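Engineer: Just dropping this structure here.
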Amino acid sequence: MKLNISFPATGCQKLIEVDDERKLRTFYEKRMATEVAADALGEEWKGYVVRISGGNDKQGFPMKQGVLTHGRVRLLLSKGHSCYRPRRTGERKRKSVRGCIVDANLSVLNLVIVKKGEKDIPGLTDTTVPRRLGPKRASRIRKLFNLSKEDDVRQYVVRKPLNKEGKKPRTKAPKIQRLVTPRVLQHKRRRIALKKQRTKKNKEEAAEYAKLLAKRMKEAKEKRQEQIAKRRRLSSLRASTSKSESSQK
């Protein structure tokens, strides 16, 4: 079995082949995300602790977290699931994946060093691969250089060198995101002012509408009362005329 071991602190990665079954027994029956002591791999691995991050079987099917089995299963996968990348919007597909429990049928096991041991491992812990790009977000730049809120972040941006033959060497800096500048504060003040204006305008319009509605309702009520009074007058008039006619007879 091959072991693909990575060390995030240095950015290095190393693939080693282990033929001795006894060295691999410590990883068998362990699940993904389990931390295991790597002492069994050899003398130089003494004190190292590794985390099982995944693996592939001999046919190339990947291990999937949460599938509690040794073997292979066919799952209906959609966007957001591991081991699947949708080609079309809303596409789902039934794919073969391997369970998250390690056994002897794996061809590659991925491990991440969580704790460094006593000795250095050549090509893994003794060399450092520099990061290609620095942080872009203002808060992350502050965190990296331990800056306070008063310090100017723009002076601490990690610049990328662009060296071309026959041209002047120059550097390129990323645009800092979430940087608080006077312009940003001005935009914020403007947004708040506009919101206040809208609220005030809505309140005034609502009060005006309520006033108009009350006026219309009052007018309708008066009209209704007039109609009722008119009907009453007419009915009383009819009653009086009918009485006078009956008395004459």
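Keep in mind that glycine also has a Cβ here, set from the backbone N, Cα and C atoms.
Pasting the relevant annotations from Swiss-Prot:
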| type | residues | note |
| --- | --- | --- |
| COMPBIAS | 217-229 | compositional bias 'Basic and acidic residues' |
| COMPBIAS | 236-249 | compositional bias 'Low complexity' |
| CROSSLNK | K14 | SUMO2 cross-link |
| MOD_RES | E35 | ADP-ribosyl glutamic acid |
| MOD_RES | R137 | (3R)-3-hydroxyarginine |
| MOD_RES | S148 | phosphoserine |
| MOD_RES | K211 | N6-acetyllysine |
| MOD_RES | S235 | phosphoserine |
| MOD_RES | S236 | phosphoserine |
| MOD_RES | S240 | phosphoserine |
| MOD_RES | S242 | phosphoserine |
| MOD_RES | S244 | phosphoserine |
| MOD_RES | S247 | phosphoserine |
| REGION | 217-249 | region 'Disordered' |
Engineer: Count the other Cβ atoms sitting within 10 Å of the Cβ of S244 (phosphoserine), across every protein chain shown.
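Structural biologist: I get 9 for this one.
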Engineer: Are there residues at least 6 beyond the ends of the compositional bias 'Basic and acidic residues' (217-229) whose Cβ is under 8 Å from a Cβ of it, and what are they?
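Structural biologist: Tertiary neighbours of the compositional bias 'Basic and acidic residues' (217-229) are none.
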Engineer: To the nearest whole angstrom, what is the C-alpha distance linking S148 (phosphoserine) and R137 ((3R)-3-hydroxyarginine)?
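Structural biologist: Per the Cα atoms, S148 (phosphoserine) and R137 ((3R)-3-hydroxyarginine) stand 15 Å apart.
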Engineer: Spatially, and counting Cα to Cα, which of the modified residues is closest to R137 ((3R)-3-hydroxyarginine)? Options: E35, K211, S235, S242, S244.
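Structural biologist: So, of the listed modified residues, the one sitting closest to R137 ((3R)-3-hydroxyarginine) is E35.
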Engineer: Just give me the nearest neighbour of S236 (phosphoserine) among the recorded positions K14, S242, S244, S247, Cα to Cα.
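Structural biologist: It is S242, whose Cα lies nearest.
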Engineer: What is the nearest of the recorded positions K14, E35, K211, S247 to S240 (phosphoserine), using the Cα of each?
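Structural biologist: Nearest candidate: S247.
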Engineer: Quick one: DSSP breakdown of the compositional bias 'Basic and acidic residues' (217-229) into helix, strand and coil?
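Structural biologist: DSSP classes over the compositional bias 'Basic and acidic residues' (217-229) add up to 13 helix, 0 strand, 0 coil.
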Engineer: Of all the recorded positions given, namely K14, E35, K211, S235, which is spatially nearest to S247 (phosphoserine) at the Cα level?
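Structural biologist: Looking at Cα distances from S247 (phosphoserine), the smallest one goes to S235.
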Engineer: With DSSP, how much of the compositional bias 'Low complexity' (236-249) is helix, how much strand and how much coil, in residues?
Structural biologist: 13 helix, 0 strand, 1 coil
Engineer: Give me the CA-CA distance between E35 (ADP-ribosyl glutamic acid) and S244 (phosphoserine), in Å, as a whole number.
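Structural biologist: Their Cα atoms are separated by 112 Å.
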Engineer: Can you check which residues sit near the residue listed as 'SUMO2 cross-link', meaning Cβ under 8 Å from its Cβ, same chain, 6 or more apart in sequence, and list them in order?
Structural biologist: N4, I5, S6, I121, G123, L124
Engineer: In whole Å, note down how far the CA of S244 (phosphoserine) lies from the CA of K211 (N6-acetyllysine).
Structural biologist: 49
Engineer: These are the modified residues: S148, S235. Which one scores highest on other Cβ atoms within 10 Å?
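Structural biologist: Most Cβ neighbours within 10 Å: S235.
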